[in-house]
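Here TrEMBL flags Arg36, His148, Thr369 as substrate binding site. According to TrEMBL, the pyridoxal 5'-phosphate binding site annotation covers Gly123, Tyr124, Ser195, His223, Thr252. Positions annotated as domain 'Aminotransferase class I/classII large' by TrEMBL: 57-397. Residues or ranges marked as N6-(pyridoxal phosphate)lysine in TrEMBL: Lys255.
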Amino acid sequence: MSKTALLPPEPQVAQLPWHKQLQQSLQQRRDAGLYRQTRQRQGEQSVEVVVDGQSFLSFTSNDYLGLASHPDVRAAFIKVASEEGVGSGAAHLLTGHSVHHQHLEEQLAVFCQQEAVLLFSTGYMANIGVIDALTGRNDVVIQDKLNHASLLDGGRLSEARQWRYAHNDMQQLHRRLHQTSDAGQRLIVSDGVFSMDGDLAPLPEIMALAQQHRTAVLIDDAHAIGVLGSQGRGSVEHWQLEPASYPIVVGTFGKAFGTAGAFVAADEVVIETLRQHARSYVYTTAQPAAIAAATSVSLRLLQAESWRREKLQALIEQFRRGAEQLGLPLMDSQTAIQPVLMDNEHQALAVGQSLEQQGILVGVIRPPTVPAGSARLRITFSALHQSEHVDRLLSALEQACAH
C-alpha cells in the first residue's frame, strides 16, 4: 500500500446524507498533516519487521519484554487452540469462561497481591466497564487531562459527572476534590505510565489525597505492568505501596505480556460488582482460551526472567544519554516510551519519513492523539533491541533532524 494513498474514492451510492461533509473533514485532516493510514506488517512481530514490503528496524511496538514471539508463549497458544478450538463461543457468564481463564485470574491475583482479578477482552473495554459499573448519577470521576482515551471515554459514557485536572498537578487535584465534596462518591482516575509522554503518575501523592478525601482510585497500568518494579508488578511496586493501600488496577496483556486482552485487580467486592454490572464484560464474547493459556506462560516468564527489565532499562539509559548529547528535545520519561518533541505536525511527518528512508520505523504522533502543538516521535524500546540498534537509531535521528 502506498504511503501517499489518496482519500477514499467517491462512492457510487452515498450511505449517509452528510457524505460530503465527511469528505471535506477528511480532506481538512489530510491538509493539516493529521491523516492516518493503516499499514501492513508481514511476518513476525519483533524489532525487525517488514511493513508494506519494506524491512525496518522498528521502535514502534509496545512488546516491551519481547514476549510476543517467545517460543513458550507460542507453544502454549498452539496447544490449547489445537485441543479446544480458536473461539470461546460465548460470554464469560455463559460457557466462554474456560479453566485457562480461571487459572489466569487466580495467578494474576497472587501476582498483583490483590484479592481477585477479572479478565476483559481489551484494555479499552476494561476501562469503560470499570468506570461505568462503579459510579452513578450522583457521583464524580476526576481524571488527569492526559489520561488514555479509554479512561476519558469511560467517564463520558458513565452517568457520573466528569472533572479533569492538569497533568500530574496535585494542587489542582486537591482543589477538584474540595470542589466536589458534595458529590455522592468520587473516583480519581489516572494512567500509571502515560502512553504518549512516558512519565509516571505520582501515585503516593494521589493515594494520600484519596485517603484524606475518602475517595477511591483507579490506575490504568497498561504501560507499567510487567515493566516497573523488580518483580514487574507495575506502579504499586515501583512506588513501594503497601498492599493494604493499593488502588484498583487495570492491566493489559498486549504490551509487556506480548499477548492480548486485559484485567482488573481489586478486592472481592469490586470484582464481583464488575462481574455483575460491567457491561463491557457481561455483553461480549470471552477471549479465546488459547490467549489465556499463552498469557499464563508470559506471566511466568516476566517474573522469572528479570533480565528483560534490566536490559530494557539499560537500553533506555543508553538512548537518553545519546539523545541528550545530540540536543534532541526529550521529555521527562525514564520508561520504555521515549517521546522526541517536534515543532509541528509537518516536521514530525518529515522526520519520520527521513527515518524510514534510513530503515528506521518510529511512531509519528500528532493531534488529536496528543494536544495541539505537541506533535512528537514516539520511540519505544523492547528487551529484544540490542545496543547497536540504539546506536543506529541515534545516528539516523541526527541525520533526520539536521534537515
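Using N, Cα and C of the backbone, Cβ positions are placed for all residues, glycine too.
What TrEMBL annotates, mapped onto the structure for a quick look.
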residue : record                              : Cβ contacts under 8 Å, 6 or more apart
Arg36   : substrate binding site              : none
Gly123  : pyridoxal 5'-phosphate binding site : Ser150, Asp220, Ala222, Val250, Thr252, Gly254, Ala262
Tyr124  : pyridoxal 5'-phosphate binding site : Ser150, Asp153
His148  : substrate binding site              : Asn127, Asp191, Ser195, Asp220, Ala222
His223  : pyridoxal 5'-phosphate binding site : Asn62, Tyr64, Asp191, Gly192, Val193, Phe194, Ser195, Gly198, Lys255, Thr335, Ala336, Ile337
Thr369  : substrate binding site              : Met196
Note down the number of other Cβ atoms within 10 Å of the Cβ of Ser195 (pyridoxal 5'-phosphate binding site), including every protein chain shown. 22
I'd like the Cβ neighbour count for Thr252 (pyridoxal 5'-phosphate binding site), meaning other Cβ atoms within 10 Å of its Cβ, all protein chains included. 25
Rounded to a whole number, what is the top Cα to Cα distance in Å among the residues the record ties to pyridoxal 5'-phosphate, namely Gly123, Tyr124, Ser195, His223, Thr252? 13
What is the number of other Cβ atoms found within 10 Å of the Cβ of Lys255 (N6-(pyridoxal phosphate)lysine)? 27
Listed in sequence order, residues not in Gly123, Tyr124, Ser195, His223, Thr252 with Cβ within 8 Å of the centre of the pyridoxal 5'-phosphate site Cβ atoms: Asn127, His148, Ser150, Asp220, Ala222, Val250, Gly254, Lys255, Ala262
Averaged over the whole of the domain 'Aminotransferase class I/classII large' (57-397), what is the pLDDT? 97
For the substrate binding site, please report the maximum Cα-Cα distance among Arg36, His148, Thr369 in Å. 19
